[in-house]
Each structure stands twice: as C-alpha cells, then as structure tokens.
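Structure first, then comments.
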C-alpha cells in the first residue's frame, strides 16, 4: 500500500560491482543528500501512521480519502504526510526537484452552485492551520489577515466556486497556483461541473534550475472540449526564498453552504536534492590521491573488459536461443517454416503498398507465397515490440494445435536474422473493426451481424470447453475478429493467449489486453479467467448492435451537463436498459429499421449479462449460445448497473517500483489482416 525509499540500496550481484559501487560511494559521500519516494495506492484505517487525518477527512472503506460528508455543508478536511520533506539545502542554498502525482474525484452535486474544491499545499512542518475556516478560505486563511496566510504557504488549487473577493473575475471555476495568498499568482479556466464524478489524474512538478512550478491534469472519461479550458499551468517561483528548508506536504478540501464531495484515490511523490556538482568535482579531483586515481583507472579498464565478455556471451546466447526456438517450432505439427528470403519476395520487400495495418507489435503485410500459390498475411514483429520472443513462440505453439472453422489459420513462421514473422491465411474482408468503425463503403447487414456474433461465440466455446485444455484468449476485440469472403468469423492474434486446465478458475498472468474490453477484476488484479474473456465477448456484442466503440471520449453540443458520449458503452446501454429503451435508442442508426428486434434485444441483453461487473454473475459461453439460439430465456438483469468492489493487496517495498517480464502490456488499437 505504501512504497517508501531512501537511497541506501547498495547490494550487487558480483564482487566487482560491489567494489565499483563502494568506490563511488567513497568518492561522493560528502555530497549525498536526502532522497525520498513514496506511493500510496489506497488509504485504509489501521495503515502505518504515514498519513495524518485532520478535520472531517477520513479513510473510507473503498480505499479513498473522503474529505467531507456529501450530505452536510460547511465541512473541511485535510491530510498531511507525517514526515518532513526537504525542499532546499541549508548547506548549498539550492532547492530540490520534486514531482508528485495524485488522482482525485469531485462530486459536484449542486451543479448551479458548487462547493470550494481541493488543493495541494506546502507549508512549514507543524504549521497550525486556522480552526475551521471553511468555504472559500479552504482552512488555510482567515479574513483578518487580508487573505494572506499567517505562515509561509504555497498551494495549487482546483477551485470549484468563484469567490468575488479574491478569485479571478474573468473565469469561473479555475486551477490556480497561489503564493501565500488566496489570490492566485497564475490561473487558468477549469470547468468543474463538466468533470463531476470523473477521476482526474494530476501531476505537480518543480524544476529547481528554472524555478518552474508546473501542473498538468487529465480525466479518464471526460475530455476537455471548451477551448478556453486548459490542462496545464505553470508559475516561476523560487521555493528556497518562500518556504523553510523542511516542509510538510498535504491536501485540503472544503465545502461551504453547498454540498460537494472530494475524494483522494492515490498519491505518489519523489523528491531529491541536487549536489553542488561543479565546485564539488574540482575539490574532488584535487583531493584524490595518485593511488586512488590508479585504482579507479584499473577498475574502469576491468569493467570494460568484463562488459565486452558479457556482450560476446550475450550474442552467443541469442544465437543459441534462436536455434532453440527453431527446434521447438519445428517439432510442432501443422505450420511450416519459411525462409526470410521467401517472405521478402512475397511482400515485395515489405513494401508500404502491401501494408495492411500496424500496431504495437509491428506491422502486417499482404503477400503472395508463390511456393504454395497462396495469398497470405505476414505479421512482422518489430525489434522493440511488446510481443517479443516469448509471445512469438507462445502464439505459434498454441494456434498451431487449434483447428476450428472460426479461428484464423496459421500457415507458417520464420525466425531468421533476429526477425520474428508469422504467416496467416489472408482473410479478404478484413476486421470487424474496419466494418463497424472504419471507412468501408458497404454496411454490415443485420443478418451478417448476428452471424458474426454466433461465429465468435462458436470460437470461444471451442477455446473454453471443447479443446484438450482451456485457452484464455485475453485480447478479444473487434480488430482481432477477421471476416472471410462470406463474412464468417476468424478469430486471430493469440500472442497474449494462455493455456490452463479446465478445472482451474483463473490464471494470474499480469495485465495484458486492450482498454475498453478488459474485465474490471482483470484490470484490478491481473487474474485472467474464462469470465474475463466472456466480458470481452459481451463488449463486442454491444459494438455489433450499436455500431459504437467500447470507449468514446467525445462530447456533444458543448453543454455543461454530462453527455452520453462521455460514458463507456456498457454504462450507456445499461442505462437505456433501465429505461426500457434498448431497441429505440441502442441499435446502429445506419441500419434504420432493417433489423430483427428480437435478435437485437437478445444480443444487447446478452452483452450486458456478459459484461456484468461481478464475474460470478456472468454466463458461460454455453449459456450464451443457448440464449442466442433462443433455447434459453433472456436473464432478468438489474435496472441499474451494479458496482463491484475489489480489494487490492499491496506490499511495502524498499526499492523503486519496477515492471518485470510479466508486467503491463496494453494496447489501444488493433490490426486488420486483409482488405
């Protein structure tokens, strides 16, 4: 839950590394200063006392800090980090660089008259805030001090209410940077009401060289559509002249006569003081003895020699790995090995005119393999691809064993010159994504759409239930669903797929997939299951019927109120389900009246059932097929979309967070194999 780091980790895997590190520490020890890092991903009762809660602020059951009760007025709450944070050095007089990232949410319940907002502040350690100076004073100021603080103070405010006495008169709600005053030193317009209840991710950074204090922010769902509204702000200020060397960091939020709820979801901070580099090194050179210089030279030469040997061994291992991969693949039945030369010829040297699409893993090209007289799609993985050697080998091993009419057929592979290529059958009608959201002239008729839904369900039934092992696809989305000449489904891209025994419930894999299609429990815990694949299947069904993307971050009509386009597709469809407006408001407008209402209702309700926030409430793929064939009735879903709660278990670490080989792998777009 909390990561807290001081620069004291001096361990190494070899004696030589230890020697070099010890020498470096010896040389630069006089100039080492405090360095601090922490990361709160949630806030809970009973946590170590690293956060102090004041006023009405309390840690809530959902892991957030609730600064005030939304049902009461004139409340103020604040939190502070319990330890002092050094922001400039008494020895050098120089300020530190620091960066803090946090996420928060404001529920502006009274859109016509908001509360007063939330702010991040820096103040002297132990400074006593005025007792309950609520409302626009944010518990930081009092009227008797002429809108100034009784102690040095710098704060960044997300102000939801315009106070005529001190707030700018040319904008309403705003983001401001304030220097010891309620009057913002610099500010920019910010429409608080249009972002109500959306999660905001903000970052505040200070550059000690340029003296620039900058703020950036972005929202998860609602985009900034007002041209007068910015998403960044900066102000030049020398913190070493304004604040003491040690300060406390914190957040404060207030509501006046209007109710407004403020929540802090996460908080991360890193701070380090720079050394006095130029003068230090001059003194250092003078102070080093001749023997120390010789020793350092020897260590550098030795390090270069060892590094060269390691590079040579790495190259030898790469060659051995390539040979090993080839042997593994050659043992697999079905797909055959092609030479790189043949693929270069088939794709006209991977000509841009042959390119069918490009994604995070690389590019896909149309090719003509004269050797087998077949048109193919050649998937060429890029050198810095997220889909590296392991995923390449994984995709070949899994898909080479699968045989089903609704799966893309893998014809062959190539692993030469450190290049990884997969050769698939060319699917002439491209991806479902290109038909629903692209610029193809021909509209998908309703019969074809329903056929696509059944075909995808058939492919998923084979993967989950009918093959020897359960195959978790983990990346079911419209751009991975190919359509042949008769618009039969061909599910492809098995680079993220995983095998597991049928009796197992889930498989912890690390996060991978595409936002908008990933189940909430999978995003939160990284645990893939049949149910997480079913969730993705449900999203695709909703896209098929509505002709809308799973996530659309646009806003219509420039209105101050939240529009439908600011919601995810699941939220919108479920809301219309509750209003009993599925058929009248959800079906793709391009279809007009040319669709089967019973089938449309079937796919929409089934899509919501599959995309239920609670994984235990989703159907199996067998149940889904029975519903699509009208062998089972439609489920009776809640009129309002349920909210599932997930507890994230975190541990304390003594080093900076890192991502291992099973880390995050997410994409925002796919590729289409075909035209």
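Here the Cβ of each residue, glycine as well, is placed from N, Cα and C on the backbone.
In Swiss-Prot, the annotation transmembrane segment applies to 282-302, one of the ranges 219-239, 240-260, 261-281, 282-302.
Record note: of 212, 429, Swiss-Prot gives the feature N-linked glycosylation site to 212, with no matching annotation on the rest. Around residue 179 (N-linked glycosylation site), the same-chain residues at least 6 positions away in sequence with a Cβ under 8 Å from its Cβ are 154, 185, 235, 237, 242. Residue 191 (N-linked glycosylation site) has 212 as its nearest neighbour among the recorded positions 39, 212, 475, going by CA to CA distance. The two recorded residues, residue 212 (N-linked glycosylation site) and residue 186 (N-linked glycosylation site), show a Cα separation of 12 Å.
Neighbours of residue 475 (active site, proton acceptor), defined as other CB atoms within 10 A of its CB across all chains, total 25. Considering other CB atoms within 10 Å as the measure, the emptiest surroundings among the glycosylation sites 39, 186, 191, 212 are those of 212. Between the alpha carbons (Cα) of residue 475 (active site, proton acceptor) and residue 39 (N-linked glycosylation site) lies a span of roughly 30 Å.
Note on the topological domain 'Extracellular' (36-281): mean pLDDT across this stretch is 80.
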